[in-house]
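Beneath this line is the structure, given in structure tokens, with notes to follow.
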């Protein structure tokens, strides 16, 4: 009887794409929309924070966040994200995906608002409050990674599963784009209402008191999309794979799926026999190490290396654009105008390369496969990063700056039409159901460890060894990603049970259940 729960899973694997699949993409995807908005919007306002809170009388240039403060503001959310990925990934396997899904969303909503309301009578207290709430914001964001990926993988059929999971992750691109658009709208409105001279014309008047509202509004806005989807997230049933394979209640699994998908199943026994099988191994066992140890090394290492490069580029592209002269010197702008110009530059990159890259992956992942897309992405990221870094002085010439922006945009395109999407998809497919959320959380946390290195390391490397050498290092990191991609198995066209090994290894009952016709 232990093989019987796979009937409902077989039905899900061959089920036609239905309306609820797209509903699930939107519900899970809005979490990622909010994740990306919250993580990256801070890079739009760090220059403004420096002008407001770290202005020095008589200085020839606008105030800037000290290196340690800038690193903390940019990186503290990643520290929270790493913790949340490990904690909620483990909790998702222990308590079920649905039961903890709403917790992450409400934590994101509350902490987004609290971050924008950061208080204090001194710059250090404002920044400390902001960092505190951004840590817990990141903690909630972290939980969304393993839960959203696992839920979408366990709902989808095997032919379009990769596209569905990638579509959830692709909402991150819209979140980055939305951050830039919101910043453009808010800064434009405030600059029109409260015009101010440039810093070099009048340092004191270049930052109007109302500028303090600009960064707060931009940060708080991230709470609204998450809040709008909270009700629908709570209405989602538990996934059939968790209910059948982990909770071992086949009847409940079939009933839950019948509510939301047009899948009819014969009435079966209420509970599954819970006899010990050779697949019932834990995370810290020799069986897991033998079957999935290299897989976990592959998913953790590639995500780690990808995020070092990806988050370095995303968080500090404003500094690179300034270094090549694509953004004018800060002293030639007022505080709010600087926010507008940074947002416009980042929005252009998102619109032309980041968002299209995500959706190329969605369109082709179930055609090309995960392995090919990931290897291709790392390869072209390496090529374009070296093409930028080695002749760096060439790109800083005014006549070549547009070419630099094109090359830089292509690294983003192939990050997203490549490992930034596939490193999210693959861990949700290749591990057993009872460890799937945990292993995805571990893989994602490894990625955020890379993001922390990118956020903190790039800040110091840029000043210590220069932009050129820093970009060369990022190129080497991308090249290492190609090597470790060889450890990641291909999961295209296979059921979750086939790719994770839950349907193999001599289990005749399971093999038989795969040959039976399933009433749908």
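Just so you know, glycine gets a Cβ as well, placed from its N, Cα and C.
Automatic prediction, not curation, is the source of TrEMBL annotations.
The domain 'Major facilitator superfamily (MFS) profile' feature in TrEMBL is assigned to 24-493. As annotated by TrEMBL, transmembrane segment applies to 69-88, 100-119, 163-190, 213-232, 348-365, 371-390, 402-421, 441-458, 470-488. Feature annotation from TrEMBL assigns region 'Disordered' to 496-520. Residues annotated as compositional bias 'Basic and acidic residues' in TrEMBL: 506-520.
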Margin query: How about the transmembrane segment (402-421) with the transmembrane segment (348-365) - do they touch, taking at least 3 C-beta pairs under 8 Å (6 or more apart in sequence) as contact?
Written below: yes
Check: List, by number or range, the same-chain residues at least 6 past the transmembrane segment (441-458) whose CB is under 8 A from its CB atoms?
Finding: 71, 74-75, 78-79, 81-83, 85-90, 92, 142, 145-146, 296, 299-301, 303-312, 315-316, 423-424, 427, 470
Check: Honestly, do the transmembrane segment (213-232) and the transmembrane segment (69-88) touch, with at least three Cβ pairs under 8 Å and pairs 6 or more apart in sequence?
Finding: no
Margin query: Averaging the per-residue pLDDT over the domain 'Major facilitator superfamily (MFS) profile' (24-493), what integer do you get?
Written below: 87
